[in-house]
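Participant: These came from TrEMBL, pasted as-is:
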DOMAIN    94-569  domain 'Major facilitator superfamily (MFS) profile'
TRANSMEM  92-119  transmembrane segment
TRANSMEM  131-152  transmembrane segment
TRANSMEM  159-177  transmembrane segment
TRANSMEM  183-205  transmembrane segment
TRANSMEM  217-239  transmembrane segment
TRANSMEM  245-266  transmembrane segment
TRANSMEM  370-389  transmembrane segment
TRANSMEM  431-449  transmembrane segment
TRANSMEM  456-477  transmembrane segment
TRANSMEM  483-503  transmembrane segment
TRANSMEM  547-565  transmembrane segment
Amino acid sequence: MAQLPQTVAPQLHIAGATGFETKGKGSKQKQQQQEIAREDLSVEMATWADDSEDVTAPLIVAESASNEATSGDPVFTVEDAIEHVGFGKYQLILGIYVGLTWVADAAEMILLSFIGPAAQCEWQLSPSQEGAVSSAVFAGVFVGAYAWGLLADTRGRRVAVLTTAVFTSVFGVLSALSPSFLWLLISRALVGFGLGGTVVVYALLMEFLPVKRRGFWLVSIHICWTVGSIAEALLAWLIIPRTNWRWLVGVSALPFVFLLLFYPLVPESPRYLMVKGDVEGTMQALRKISKANRKSLPAGRLIPSLPLGGTLTRKVETLSSEVRDEQKVSLEEVEKGDVGVIGKPEVPKELGMIETIQRLFSPELRRTTLLLWFLYFANSLVYYGLVLLTTQLDIKDGKSHRCDDPSPSKKAENICHDGKPLYDDTQYRTGLISSIAEVPGVIVACLVVDHFGRKMSLAGLLVACGAFMIPLVSPLSEMATNFFLFGARSCSMGAFSVLWAYAPELYYTQVRSTGVGAANSNGRLGGIVCPYVAVALIESCQRMKSIFLFAFFAMLAGVATFFFPRENKMRKTPD
């Protein structure tokens with residue numbers, strides 16, 4: 001292979017590879033250089049595995065201020081800038097906004113365990129109709145997550161954040177005014193449609209975080225979900241016995257109103273702006289981050305960070321001199337900038353909505369997409385099943401009074417009184433305890449996600465969740481029931497936290513919101529199904545079947561985690 005001219009060759013650096021020369025000074029020196037290179041190599045990977053093998057594509061990127069374009073000017077990427085300014089005041093303020101979104105989302109979801117039984121008592125609903133109240137919300141999320149993800153990837157993150165907050169707050173209030181069961185179903189479905197957009201806010205936060213401790217921050221934000229869960233359980237205990245469920249529904253919509261008030265603080269993602277080719281807008285966004293964090297931006301000119309095209313060899317496990325001879329980057333490609341070489345980077349074309357969806361099923365993303373869909377389905381099924389079970393499991397005296405007399409009239413007498421659910425403090429206490437259980441789950445997830453990695457942490461928490469659920473197949477005392485529900489809910493929440501941190505890292509910027517939104521959307525199919533498993537089966541006295549289904553899917557999801565093609569611990573996020 002002909003050597004590149006000296007004016008070009010020094011500019012080509014694989015991130016982290018140091019000590020390489022095109023000419024050696026003796027075989028011993030070559031061996032020493034190769035050994036050092038193997039130890040020091042820290043390659044920026046854009047890893048997109050198809051169904052048959054794990055394919056890795058290195059990026060040629062700027063080494064911050066050390067690399068120079070052919071003109072001699074230093075350059076940097078958005079990733080370089082975010083790493084350089086680090087975590088500070090800017091990310092903290094954005095994190096508070098995202099946290100409030102999580103509080104609002106959790107309140108609407110935990111509300112489902114109280115609104116279904118309340119509606120059943122007011123309108124004398126059948127078990128399937130009661131389950132439909134929850135399923136309507138998940139059906140709305142199923143559609144909304146796709147829609148908001150596409151909107152965020154094609155029109156911007158800020159637009160999606162605004163519209164989802166408006167949608168959810170308006171129809172949340174209308175739900176409280178429902179004059180009929182049909183009105184309630186439709187309004188709750190539209191609330192769910194709005195809730196599907198919360199994934200955009202989470203993806204937005206991820207795009208502002210540096211690599212170091214990114215997993216920790218993405219997982220720790222879920223403590224805000226737990227705050228919302230606990231607050232909703234306390235509000236239900238306070239409001240329903242004294243008034244009715246409509247007041248609880250109205251109060252639960254208020255956090256989204258606060259999100260609208262603070263919307264002007266929401267920034268646009270610099271990654272999104274750069275991918276769309278808005279270099280000036282990207283620089284303005286980066287300057288705001290650096291000013292808030294009191295850090296300067298890297299010296300030089302902003303360029304995109306793109307995967308290599310051409311024929312550059314994709315395997316970098318062994319960087320011997322022979323392998324380096326196989327790295328064929330033509331001089332013509334270098335001069336045109338077609339391979340992501342600094343100096344003349346090519347900005348990727350803007351994808352339309354159809355192209356964005358199709359990209360999720362390209363050979364390099366197909367396995368990731370399908371696995372994420374199943375993991376979100378199983379996690380949603382189990383988590384929301386546990387939420388509904390807190391008000392469905394009879395625990396007094398260790399036996400199920402609901403099934404002593406299976407006649408519909410007798411069961412109605414057991415659960416309703418004066419048009420309200422016949423709850424004593426036991427049900428509210430169980431709901432509160434299981435919500436508090438999410439706190440240790442999130443703490444454990446924070447501790448393990450960067451230490452053991454995403455895949456191992458996710459698998460362990462899911463299997464443990466299934467193990468905690470199995471003893472619940474039989475009626476137990478209040479203490480025993482609370483113990484196993486506590487453990488299962490804790491592990492389920494921890495698993496969900498890790499999954500939410502892991503999923504955005506698996507997609508690049510052009511399809512990130514759509515990819516995570518689609519996974520979240522398909523996951524809500526589990527939410528649509530879970531009321532019939534957690535409500536209809538329990539009320540028809542098939543408790544064992546219900547619990548075993550939840551435990552089975554939790555453990556199966558834990559096994560499926562190991563089939564993801566890449567582990568993202570301490571890796572940069574691809575643009």
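Including glycine, each Cβ sits where the backbone N, Cα and C put it.
A TrEMBL annotation is a machine prediction, not a hand-curated record.
Map these features onto the structure and tell me what's around them.
Facilitator: Looking only at the domain 'Major facilitator superfamily (MFS) profile' (94-569), the predicted model's pLDDT averages out at 82.
Sequence-distant contacts of the transmembrane segment (92-119) (same chain, six or more residues past either end, CB-CB distance under 8 Å): 125, 130-131, 133-134, 137, 168, 172, 181, 184, 188, 191, 195, 198, 201-202, 204-205, 208, 217, 221-229, 231-233, 235-236, 240, 244-245, 248-249, 252-253, 255-256, 258-259, 262, 265-267, 292, 384, 387-388, 390-391, 415, 420-421, 423, 431, 435, 531, 535.
Proximity of distant same-chain residues to the transmembrane segment (159-177), defined by a Cβ-Cβ separation under 8 Å and at least 6 residues beyond the stretch ends, is recorded for 104, 108, 144, 148-149, 151-152, 184, 187-188, 190-191, 193-198, 200-201, 204, 246-247, 249-250, 252-253, 256-257, 259-260, 263, 266, 513.
Counting same-chain residues at least six beyond the ends of the transmembrane segment (183-205), those with a Cβ under 8 angstroms from any Cβ of the stretch are 91, 94-95, 97-98, 101-102, 104-105, 108-109, 115, 119, 132-133, 136-149, 151-152, 157, 160-161, 163-169, 171-172, 174-175, 217-218, 221, 256, 266, 269, 500, 504, 512-513, 516-517, 520-521, 524.
Taking Cβ pairs closer than 8 Å, the transmembrane segment (217-239) reaches residues 87, 91, 95, 98-100, 102-107, 110-111, 114, 202, 205-206, 209, 247-248, 251-252, 255, 425, 428, 431-432, 435-436, 438-439, 441-442, 445-446, 449, 493, 496-498, 500-501, 504 in its own chain, all 6 or more past its ends.
Panel annotation: around the transmembrane segment (245-266), residues 93-94, 97, 100-101, 103-104, 107-108, 111, 114-115, 118-119, 122, 157-158, 161-162, 165-166, 168-169, 172-173, 175-178, 194, 204, 228, 232, 235-236, 239 of the same chain, lying at least six beyond its termini, place a Cβ under 8 Å from a Cβ of the stretch.
Nonlocal intrachain contacts for the transmembrane segment (370-389), taken as residues 6+ away from its ends with a CB within less than 8 angstroms of a stretch CB, comprise 109-110, 112-113, 116, 134, 138, 434, 458, 462, 465-466, 469, 472, 485, 488-489, 492-493, 495-496, 499, 503, 506, 515-516, 518-520, 522-527, 529-531, 533-535, 538, 550, 553-554, 556-557, 560-561, 563-564.
Non-local neighbours of the transmembrane segment (431-449) in the same chain are 110, 113-114, 215-216, 219-220, 222-223, 225-226, 229-230, 232-234, 236-237, 386-387, 390-391, 456-457, 460-461, 482, 485-487, 489-495, 497-498, 501, 569; each lies 6+ residues outside the stretch with a CB under 8 Å from one of its CB atoms.
Cβ atoms under 8 Å from those of the transmembrane segment (456-477) belong to residues 375, 378-379, 382, 386, 389, 393-395, 397-400, 441, 444-445, 448-449, 484-485, 487-488, 491-492, 494-495, 498-499, 502, 543-544, 547-548, 550-555, 557-559, 561-562 of the same chain, restricted to positions at least 6 beyond its ends.
Here the transmembrane segment (547-565) has long-range neighbours at 47-49, 54, 367-368, 371, 374-375, 378-379, 381-382, 385-386, 455, 458-463, 465-467, 469-470, 472-473, 492, 495, 502, 506, 526, 533-534, meaning same-chain residues at least 6 beyond its ends whose C-beta is under 8 angstroms from one of its own.
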